[in-house]
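Annotated features, as they stand in TrEMBL:
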{"type": "DOMAIN", "residues": "9-82", "note": "domain 'Glycine transporter'"}
{"type": "DOMAIN", "residues": "96-169", "note": "domain 'Glycine transporter'"}
{"type": "TRANSMEM", "residues": "6-26", "note": "transmembrane segment"}
{"type": "TRANSMEM", "residues": "33-54", "note": "transmembrane segment"}
{"type": "TRANSMEM", "residues": "60-81", "note": "transmembrane segment"}
{"type": "TRANSMEM", "residues": "122-142", "note": "transmembrane segment"}
{"type": "TRANSMEM", "residues": "154-170", "note": "transmembrane segment"}
{"type": "TRANSMEM", "residues": "182-200", "note": "transmembrane segment"}
Amino acid sequence: MNVSDLQYFLGMAGTVAFAATAVAAVAPKGIDFFGAIVMGIITAIGGGTIRDVILDVPVFWSLDLNYIWVAIVASLVTFIANRMMTRREIYRSMLYLDALGVSLFAIQATHKVMQYDFGLPLGPVLLGIITAIGGGLIRDVLSNSPTLLMRNELYAIPVTVGCITYYTLMNFSSESAIENGFFSIMLIFCLRSAAIYWDLRVPNWMLTKPTQP
């Protein structure tokens, strides 16, 4: 498998994960299968669309509609599966699928932006973060749910650490992009999964002070 194949695989895997999280997020609210598909598509392609618009390049899914079809299938499968799960199981599944999705999209986007030499050295990291969390933000806004980014969960921090790690490894490590990418993906996923499992949160001293009425 070469780097291009890996990048395509990461994009497809991230599409599946994010489409599934969208349906899982709105499932407890009650939604028909058409609404589930729309939510799945928007969530799966949202972050990457923002990235490509900023890069001023053709939007990725317009060049390969398989991304849309994969999002549709993933949404339908999740729609069917959620009927056999409890609300708690659906929510926990959504969190871990989201962790997988942000891990895949963050590194795929960071690598793509590096190929365009866009805004080095901050460009790849910033667009990696935007791509990773963009779809999730759209999902949470459309489903009228509190966004993971706006809570004090360790959400954006693992993504940031992973993007910086990948960019650093690609510039200073002798390992291949595939090895660096795999390591960075696992780093993000493990950090985010640990935060979910042990309910790790950002320390209070790093939070803004809520305004008093």
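Here the Cβ of each residue, glycine as well, is placed from N, Cα and C on the backbone.
Not measured: the values here are computed from a predicted model.
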Distal contacts, the transmembrane segment (122-142) - CB-CB under 8 A, six or more residues away: 18, 21-22, 25-26, 39, 42-48, 50-51, 54-55, 98, 101-103, 105-111, 113-114, 148-149, 155-156, 159-160, 162-164, 166-167
The domain 'Glycine transporter' (96-169): DSSP-derived helix, strand, coil residue counts: 58 helix, 1 strand, 15 coil
Model confidence over the domain 'Glycine transporter' (9-82) (mean pLDDT, whole number): 95
Tally of residues which DSSP labels helix, strand or coil - the domain 'Glycine transporter' (9-82): 65 helix, 0 strand, 9 coil
